[in-house]
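Taken from Swiss-Prot as is:
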COMPBIAS  253-270  compositional bias 'Low complexity'
COMPBIAS  271-288  compositional bias 'Polar residues'
COMPBIAS  289-319  compositional bias 'Low complexity'
COMPBIAS  330-360  compositional bias 'Low complexity'
DOMAIN    374-420  domain 'LysM'
CARBOHYD  Asn86  N-linked glycosylation site
REGION    242-360  region 'Disordered'
SIGNAL    1-19  signal peptide
Amino acid sequence: MFFPSLILAAGSLSTLIQAIPHGAKHHHSLHRRAAATYAVMGGDGEASDGWPTISQWSEYETLWGLNQILIAASCDNSDDETSDINTSIKSIASETGVDARFILAIIMQESKGCVRVQSTNNGVENTGLMQSHDGEGSCNKDGSKTTPCPSSMITQMIQDGTAGTTQGDGLKQCYEAQTGGTAAKYYKAARTYNSGSIASSGNLGQGGATHCYASDIANRVRGWAGDVSECVEATIGTITSGVESALGGDDGSSSTSTSTTAAQSTETAEPVQTSSSAAEQPVTTEPIQTSSAPAQAAETSSAASSATSTETTSVAPAPTWTPSSNVQVAAQTTTPTPSWTTKSAPAATTAPAASSSASGTAPLYPYASSSCQKYYTVKAGDFCDKVTEAVGISFLDLRSLNPGLDEKCSDLWLGYQYCIKA
């Protein structure tokens, strides 16, 4: 029996957190947990440059809880599939010595935790949850999706990205190739995993591929998990230090996932203009490597614990990682990435008009009928019942014209044009 869905397309995870639909799955109750704000990190990843140390990373269970909300909002995973990600992360972390928090951060950066994420190819086939180097694990081979995604395949995806493949390094190899403090080696490993190398300057915001990659990962392990990074690709390479110098914390040789995080801080980091780009005890130690971010991917985070932060005198207090009840979400760009789109409660607004032909500005939903004659652009606050009522078609017709829509209509993409007549 079909039940009208209340999952919507909107622009901010904070709206989703405040308006979970009735009958939502139990993991949505995690919305009361705090999420850290984003702080742009530039330079070489070392604590001396203001990057967070291992002691400033959030605990794994906190990170998992916050990112679980984003996975639910961004993907078509079943509860079992999402649970299998959690189980596999901890298992592979134990086998490889790679910190479970780091593995989770890379998964969220690369695929937003969507088990049926498509592969990408920029000269190398990047597959699965971690977009590994020619990995064997995938539940979306050549556009053919596997549902349900077997737990063994989910484990294989995480194995490929963490331990490496026959064709390329994983996180473990990337980590072991680095020097410096434990946390810095992770940030450097993240950059290597993304681009294959680090710029000769040592600045993690320079070089190829995604310039903000290391900054994003440093924020993720610290408790941020937003939809869109507040780091600016065009300028991050000019920044030579982080914004967290005022925070204490040793960067010892061992990493522990039970460490506390900065709680109340003196001042939140100023938001930066955004740019877009594609479990029990966590196991820690030394891990890590490589690939470019996929076109289909999804993000949001956690924080909060015991330690209090210090306040500076005279000069303005340094920006710090302040826990916040609402995730910082950047404004949507002109070409939003589908899996990064979050859904929220419907707004009481009039329905936007449908267009008789594809718009030149809004992107087409990739699974729309190839013979489509009329389109509708999804607006903030839209949900399937609202769209079908506005354009005068049934939900079954909407699905037949846009085969990518699931039966619960849980994956409307904000800003995309859907077919409403063929």
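Backbone N, Cα and C atoms are what each Cβ position is placed from, and that goes for glycine too.
Under DSSP, the residue listed as 'N-linked glycosylation site' is assigned to a helix (H, G or I) in the three-state scheme. Restricting the average to the domain 'LysM' (374-420) gives a pLDDT of 85.
Applying DSSP to the domain 'LysM' (374-420) sorts its residues as follows: 15 helix, 9 strand, 23 coil.
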